[in-house]
Each structure stands twice: as C-alpha cells, then as structure tokens.
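Shown next, in structure tokens, is the structure this report addresses.
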Amino acid sequence: MSIDSLKGQLPDFAKDVRLNLGSIANDDSLKEQTKYGLLLACALASRNAEVAAAFDREAASHLTPEARDAARAAATIMGMNNVYYRFVHLASNPVYKTMPAKLRMGVIGSPGVPKTDFELWCLAVSAINGCGMCIDAHEKVLADAGVTQEVIQTAVRFAAIVQSAAIALEAAQLPAFA
C-alpha cells in the first residue's frame with residue numbers, strides 16, 4: 001500500500017485528510033530522507049498497521065536501510081520516553097523530577113542518521129504522543145542546531161496529518177447504524 005492507495009481507502013467524511021495527505025506527498029520543503037523518515041516514524045507512532053505499511057512502502061525507495069531503522073528507532077524510543085517523561089512532567093509530586101530515569105536510550109546519541117533528522121522525527125512522534133517535556137527538549141536541540149521554526153512546524157503538521165489518517169481509517173470501520 002502507498003500514500004495514494006491509503007488516500008483511496010479514506011471515506012468521504014475524511015475528505016480533508018485525503019487532501020492533506022496529497023499535500024504532504026507533494027511537499028518538497030524537507031530533504032528526502034528527512035521527509036520520508038519523518039513520515040515513517042509518525043506512521044509507526046499512529047499504531048495503525050495499514051498506515052504504517054503504507055508509509056513504509058512509500059519510504060522504501062527514499063530511505064537507506066540505516067535511515068529506515070533510525071525512523072523505526074525514533075518511534076520506538078519515543079514510545080518509551082514519552083510515557084515516562086509525560087508522567088514526570090504531569091505528576092504533582094516533584095520528587096519524580098529528581099529521580100534518575102534508568103532507561104536506556106543510546107540510539108538518541110548515535111541514531112545512524114544526521115542528528116537533526118533524528119531529533120525532528122522524535123519531536124514529531126512526541127507531538128503525536130502528547131509529551132510536552134519531550135517536545136520542549138527536542139525543539140530546543142533543533143533550534144540550537146539552526147533548524148528553522150518553519151521546518152519544525154512542518155514536521156508537526158505532517159505528524160498531525162498522519163495521525164488523522166489513522167483515526168479516519170479506524171472510524172470508517174465502525175458498523176453502520178441499523
């Protein structure tokens with residue numbers, strides 16, 4: 001399945017999602033690896049097998065095996081970090097902020113792709129997963145590395161569109177009213 005076939009599966013109530021998917025498919029504001037790694041990481045974070053398969057297939061001709069693994073690692077490591085750091089951020093007890101995380105996350109230091117690509121993918125996944133602490137941390141790293149606010153906003157926009165496609169597919173599976 002590709003982005004085009006994914007668009008074809010979306011019902012009429014998701015027309016805006018279909019149009020937005022077309023927009024990101026044609027968007028060339030990001031470098032190829034940055035864009036397709038971002039889309040794959042976000043698709044995996046959506047936890048929808050059809051969306052993940054569509055974006056994995058779409059990314060196949062645009063990513064090296066190392067970049068594909070890095071995108072998968074971004075979704076995976078943020079799946080862990082977003083839960084932990086969202087808890088730390090939201091818990092009323094300030095003691096949790098002082099405790100060591102004791103979580104292995106070596107891939108962040110050595111992702112196998114340029115640091116800014118990986119950080120952008122982590123930021124987008126963190127937006128999907130709703131971790132404000134991680135969003136702030138990754139946004140700061142990106143800003144300090146000279147990544148523009150427009151690029152950061154584009155990544156989060158792409159994340160929102162991918163997530164909405166997953167929700168639309170799931171909503172379409174609800175049985176019809178009798």
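A Cβ is built for glycine as well, from the same backbone N, Cα and C atoms used for every other residue.
Remember, predicted model here, so these are calculated numbers, not experimental data.
What Swiss-Prot records for Cys131 is active site, proton donor, and it gives sequence analysis as the kind of evidence. A 10 Å cutoff on Cβ-Cβ distances gives Cys131 (active site, proton donor) a total of 24 other Cβ atoms nearby, all chains included.
According to Swiss-Prot, the feature active site, cysteine sulfenic acid (-SOH) intermediate maps to Cys134. Taking a C-beta cut-off of under 8 Å and a sequence gap of six or more, Cys134 (active site, cysteine sulfenic acid (-SOH) intermediate) has these contacts in its own chain: Met78, Asn81, Asn82, Tyr85, Arg86, Cys122, Leu123, Ser126.
Among the features that Swiss-Prot reports, disulfide bond is placed at Cys131-Cys134. In the three-state DSSP scheme, Cys134 (active site, cysteine sulfenic acid (-SOH) intermediate) falls into the helix class.
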